[in-house]
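What follows is a structure written as C-alpha cells; I'll ask about it next.
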Amino acid sequence: MKPMGPIPDGFAAIDGELAIGGRKASDLAAQGTPVFVYDRAMLDARVADLRAAMPPWLAIHYAMKANPFAPLLAHMAGLVDGFDVASAGEMQLALEAGMTADAISFAGPGKSEGELEAAVRARVTLNTESAGEIRRALAIGDRLGIAPRLAIRVNPSFDIKGSGMKMGGGAKPFGIDAELVPPLAREIAASGAEWRGFHIYAGSQALDAQAVIATLAATLALTGELADQAGVNVPHCNLGGGFGIPYFPGDTPLDIARVGEALDAAFRVLPDRLAETHFAIELGRFLVGEAGVYLTRVIDVKESHGEIFAVTDGGLHHQLAASGNFGTVVRRNYPVAVANRFGEAAAQREQTIVGRLCTPLDLLANKVALPQVRPGDLVAIFCAGAYGASASPAAFLGHGPAREILA
Ligand SMILES: *Cc1c(COP(=O)(O)O)cnc(C)c1O
C-alpha cells in the first residue's frame, strides 16, 4: 500500500455518499462524468477564515490562473478585494465576473502589444516585467491619451524556503531585478503615468508558516529599501503569498493565524514612507484548491500480474497534477475516495486507479487502500479546485474536456 494525502476538512456524507455543496456525488455525476465540482460554501469559509487571521487592512486578491471557471470567478469577485490576471483573456474574464478595473492587476512576462493596449484602455494595473515593457506601455498611453496604471514586478533576491515552485531569486524571466528597479520607478512616477507601486512574488505552495513569515518580512524590507532608493511613495504593494495546501501524505496545513500575527506586528512598525501603502496578498490554490473535487466513473476493473487496476473515464487530460506530471519531482498520491461509498472500510487488497489515456503516465492513485472498487463506482479526487481543468492538456487523446459545476 502507498499512502495518500489527507482529505480536506469539511466534506460530509449524505446517505453514505460524499456530498459536495450539499449535493450527493451521484446527483452531481448524473449529467455525465468526469466532472469538477466546486463547493461554494467552502470558498466562503476559506476566505472568511483567512480574513479573520490576517490584519484587517490587508487586501486579499485571487490569482485567477488557479481556476478561471466563470461561475467560480463571479462568486470569488464578491468575496475578495481584487483579481490578479496573467493574460488579456484572463483580464476579460475578470472584468466579466464583475471585478472593477482598479482592483485588477496584470502580471506575466511577454505581454503582447495588443495585451498592453487592452490593459491600458481597460484601466487595469500592469505589473511591468522589464524596462522594455515599461517603455511600450508608456508609448501606448501617449498614443491613446490615457495615463497607464503601472506597477513594477520586482525579481527579489530571495525565494520562499521549501516552496513547491520557485518564482524569485537569481536569474528569472519574471520581474525586474531589484537593483535595476529604483531608476525605473522614478521614470514611471515622473512620466505622467499613474504610479501604482510594487509587486513582489517569491514562490508558491509553502506550508511552513516560519518560511512564509520570513519571506513576507524580507518582502516588506525590500519594498522600503526600493522606495527609499527611488525616492518615490508606494501607493500599492502586492506582497505575493505562496500559501500552500496539503496535497500529500505528511503535509500539514499552513498556520495562517501565525502568519497573520507576524504580518500584523510587521505592519505596526512600517517605515514612514510606507505608512500610506495599501498592501495585498495574491493567492490562488489556497483560496480554491481544497474546495474542488474531480469525480470520475469506473469503467472497468481488471487484474494484471496480481495488481488490481480500476480504469476510470477520467485522467491526466483533466487532472494532470494528480497524475504527478505538473511540477512535482516524485509522484505521490493525492487524497482519493470512492464517492458513492464514502467512509466505507478499505478492502484487504491495494488498488490502483488509472485514467483512460493510453499512456503509463495516466495514474490517478497508485496502490491505495480503498473500498473494493467496481464498475460504475464514482472515484473522487480531492484538492482539484486549483490547476485542474485549466492546467491539464484537455485535447490530449481526444476525449474532450470535463464538465464543471459550482455547487
Ligand atoms: C501562479 C501565481 C500565483 C498563484 O500561485 P498559488 O500557488 O496558486 O497561490 C500568484 N502570483 C503569481 C505572480 C503567480 O504567477
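Including glycine, each Cβ sits where the backbone N, Cα and C put it.
Quick paste from TrEMBL:
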- 36-385: domain 'Orn/DAP/Arg decarboxylase 2 C-terminal' (DOMAIN)
- 43-288: domain 'Orn/DAP/Arg decarboxylase 2 N-terminal' (DOMAIN)
- Lys65: N6-(pyridoxal phosphate)lysine (MOD_RES)
- Cys358: active site, proton donor (ACT_SITE)
Give me the Cα-Cα distance between Cys358 (active site, proton donor) and the residue listed as 'N6-(pyridoxal phosphate)lysine', rounded to a whole Å.
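So the alpha carbons of Cys358 (active site, proton donor) and the residue listed as 'N6-(pyridoxal phosphate)lysine' sit roughly 28 Å from each other.
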Just to confirm: which same-chain residues, 6+ apart in sequence, have a Cβ under 8 Å from the Cβ of Lys65 (N6-(pyridoxal phosphate)lysine)?
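Spatial neighbours, sequence-distant, of Lys65 (N6-(pyridoxal phosphate)lysine): Val85, Ala86, Glu90, Gly284, Ser390, Ala391.
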I'd like the Cβ neighbour count for Cys358 (active site, proton donor), meaning other Cβ atoms within 10 Å of its Cβ, all protein chains included.
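Looking across every protein chain shown, the total is 8.
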